[in-house]
Amino acid sequence: MTAGNEEHEPLISSSVDNQRVTYNNSPQGSTHSDSPRTSGGEVTLAIPPSRGYGAIGGVEKVTYTWADVNAFATEDRSRNRKFWHFWRSSSDRMFQQRKQLLKNINGAAYPGELLALMGSSGAGKTTLLNTLTFRTPSGVVSCGTRALNGQPATPEMMAALSAYVQQQDLFIGTLTVREHLIFQALVRMDRHIPYKQRMQRVQEVISELALSKCQNTVIGIPGRLKGISGGEMKRLSFASEVLTDPPLMFCDEPTSGLDSFMAQNVIQVLSGLAKKGKTVVCTIHQPSSELYAMFDKLLIMADGRVAFLGSPDQATDFFRELGAACPANYNPADHYIQLLAGIPGREETTRHTIDTVCTAFAKSELGCKIAAEAENALYHERKISTGWADSAWSHAVAMRSRRSPYKASWCAQFRAVLWRSWLSVTKEPMLIKVRFLQTIMVSILIGVIYFGQRLDQDGVMNINGAIFMFLTNMTFQNIFAVINVFCSELPIFIREHHSGMYRADVYFLSKTLAEAPVFATIPLVFTTVAYYMIGLNPAPERFFIASGLAALITNVATSFGYLISCASSSVSMAASVGPPIIIPFMLFGGFFLNSGSVPPYLGWISYLSWFRYGNEALLINQWSGVESIACTRENFTCPANGEVVLTTLSFSEKDFTMDVVNMVLLFIGFRLLAYFALLWRTRRGK
């Protein structure tokens, strides 16, 4: 029978529905047979002894078993919660809104085997993979027994022994392949490993995964910077994970977005890793016949249940016995997935087919062996919990997992992340060339417009306007230069941080320090070009004070930009939120609204405005000590000296020191708030 046969044609002609499965899990010493016994429609299967589980040592081999794994999804109640529902208990609402995603999943993955999780969309492949790796997203609750070499698995043990290659490849696109792997080696490998040995391991991985030709090629940024191909990028993801030589690997849709040749190349890499003794589990959606033949084991899922688990040859025999044999010259993967996929308008038939296939497999000899292996893990767990068995392996892993989740020390993390951040800054053309070109062009434009101002009543107004333009340009240019720094790299940071590569404070400090030289140089260039063109106070010490104030204003504005970037979930959101927040600070800067005219109920905004402190400090630097101002026209109000100019604007020379101190405090405060915002986003992204 094929997937297109009549909908009421039965899939199974045998009497498996009348059989009952029991398990004999008596302690050692009991006499039992290793083969199933059949009597009167009942299948009695003795629990086999534990397979040869490896011991914790230099190179470990891990058998991963799972039993009675269930997963439930709860609806996001925060979006549609009604006020009249609050009288109902929280548990009652959750019970009514739960949807079962996985239903009593049993299975096992062994060393030296590549296990492929297959099934149609919505069958539960990714949910099962996330459950096995303890990475279930918010809104999904999972339960069941998961065991590593017969010992109960925990998230800490899984993190210590496994690697997870996610479907989406996330990299710093300006780094080369070798630079990326060097960084991974610095933060992923144990802190006692010397630098020379780390570099040797990097070279080994580059050779093993056929990355030698592209090792000095930049990874690339889609749409901006051309880099390596999709297949090379996927192999680079594998290389990042196998640097530490983990015995257990999980891959989510490793062939997604690749052509047939690249997909075959990627699966060959996974198969090669499995042949070296690793346990490899991956999800894959409708593989080609060539890829299908490369899998050692298949776990075919349908509607959150196991339809089959075994080798490709066993799958052929199993479906043939059901009367659903794969036609000749037809891709078996396509046939099995179409057989178990939901067909619009034939939901009842699909449910019947899925139930028939899943029930037949659960009661087959192969299904019973899988269930027995899972039951053995449960039995071993009970022996450990009651003190029967030695749990030395679990103690060793527990000691390993109780250590700090970070392999590198704080200083080693800081050096590595600072090195990578500096590389990304120096290799980013938008950050260096365009910013300096923009700064030079704007400073020349302002210098030409306000060129050669004289100290008269017209010059006073023009100089004050030029100084405020200084302030405004330093603010907007640098805020929008950094407003996308953290939110654009947020997915990379969250993935690497939760993988135990580096701390949040290390990342924040490294990013800000790597960009600090740029933000110290840009205001100096701007001031050098425009200061004497405009005709500001010619004293050399006034020029250096103005340059220092411009640098301080730049860093305060940059800190505020970091705050917006860390608090925003996307670049577009940051760009939309930034201007409306900056405008009120600019209005209270003392140029558009006299500082003495600020309404009392809005005074707090002016105290948070670096425009106010920067404008006052720059004007004090310009006008203090100016004894006379020429009056070129009669019947016009003319300030007699610089002190009168400051008094008219409600500024005072004695506030200069406080202006500098307040800007330093704003600089520190905005940086701290930005760091706490990054921590908040880290907690939400976990």
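Placed from the backbone N, Cα and C atoms, the Cβ positions cover glycine too.
Annotated region 'Disordered' per TrEMBL: 1-43, in sequence order. Annotated compositional bias 'Basic and acidic residues' per TrEMBL: 1-10, in sequence order. Annotation comment: TrEMBL describes 12-38 as compositional bias 'Polar residues'. Here TrEMBL flags 81-328 as domain 'ABC transporter'. Per TrEMBL, transmembrane segment is recorded for 436-453, 465-487, 508-531, 543-564, 571-593, 660-680.
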Establish whether the number of Cβ pairs under 8 Å between the transmembrane segment (436-453) and the transmembrane segment (508-531) reaches at least three, counting only pairs separated by 6 or more residues. yes
Go through 465-487, 543-564, 571-593 and flag the stretch with the largest number of C-beta pairs under 8 Å relative to the transmembrane segment (660-680). 543-564
Highest-contact recorded stretch vs the transmembrane segment (465-487), from 508-531, 543-564, 571-593, CB pairs under 8 Å: 543-564
Predicted model, mean pLDDT over the domain 'ABC transporter' (81-328): 84
